[in-house]
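Quick notes on the structure that follows.
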Amino acid sequence: MTAFFKKPKRYMPLRQREPKIDAPQGLMTKCPSCKYMHYTKQLNENHKVCDCGYHFPLHAQERIDMLVDEGSFERFAGPSVKANPLDFPDYEEKLTKDRKRTGIEEAVVCGKATIDGLPLVVCVMDARFRMGSMGAYVGEAIASAVRTATSLGLPVVLFTASGGARMQEGMVSLMQMANTSIALKEHDEAGLLYIAYLTHPTTGGVSASFAMLGDLNVAEPGALIGFAGRRIIEQTIREKLPENFQTAEFLLESGQLDAVIHREQMRSFLKKMIELHDGGVRHV
């Protein structure tokens, strides 16, 4: 009976917390698609592709190492352009910070290389640097690389990864859409092959210029590709867009891409395309 009149406790015992595991930073990488936790080393050995098919972004040098013959890449010197043409506040400090963090001069790396002995000019954008945005340096580097390819009679393979035009450079940035397009037009008139390889993300002014001007336009699986953002389009047209809108697969279904190529097939695909076009020279 005494237990019946006994006052109940107003608290509950707390479960003892499990000790926190002090894992080294960068040891594990979580897939944003399937949420699986990978050992970063194993993920890198798998060319940063998850078992679910998600393609993690590659750094410019990682993609070059995976693509071209070992020791064949000859990097072109960067163009001489004014770093801050509009004197935008803090812009130069941000560029310096990105250079230290990424180890590259700007958001694109261009050079001459070979794939199984087949010569080509390759340009790779790196979204770690200012989100791969296109300013005067990026535009002129790509245009100069394309002009070099034209003079040497070589095909061009360009990997895009960009948030679009660089806002800190205003009209100077937008001019690069025309600059790169003109260089590619001259390359095309010389009867040479240009393959645009779109990776995640390819948006804005880049998607509206050289990213979609290839003789072959291909993309990695799941890549976000588009000009304006999804929300802006939905607000403008006042309609709900499909779930897979602006993905590589959606563009392929719509006829805006020629193929969606898994990263493991990238090198063999490009080799085959260059061989099919007589080493990148198209007969006109």
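In case you wondered, yes, glycine gets a Cβ from its N, Cα and C as well.
Look at Swiss-Prot and you will find 27-284 tagged as domain 'CoA carboxyltransferase N-terminal', backed by sequence analysis. The zinc finger annotation in Swiss-Prot covers 31-52 and rests on sequence analysis. Among the features that Swiss-Prot reports, Zn(2+) binding site is placed at Cys31, Cys34, Cys50, Cys52.
Residue environment of Cys31 (Zn(2+) binding site) contains 17 other Cβ atoms, counted within 10 Å of its Cβ in all protein chains. Non-local neighbourhood of Cys50 (Zn(2+) binding site): Cys31, Ser33, Cys34, Tyr36, His38, Leu43, Phe56, each in the same chain, at least six residues away, with C-beta under 8 Å from its C-beta.
Apart from Cys31, Cys34, Cys50, Cys52, the Zn(2+) site neighbourhood in this chain, defined by C-beta within 8 angstroms of the site C-beta centre, holds Pro32, Ser33, Lys35, Tyr36, Asp51, Gly53, Tyr54. Residue counts for the zinc finger (31-52) by DSSP state, with H, G and I taken as helix and E and B as strand, are 6 helix, 4 strand, 12 coil.
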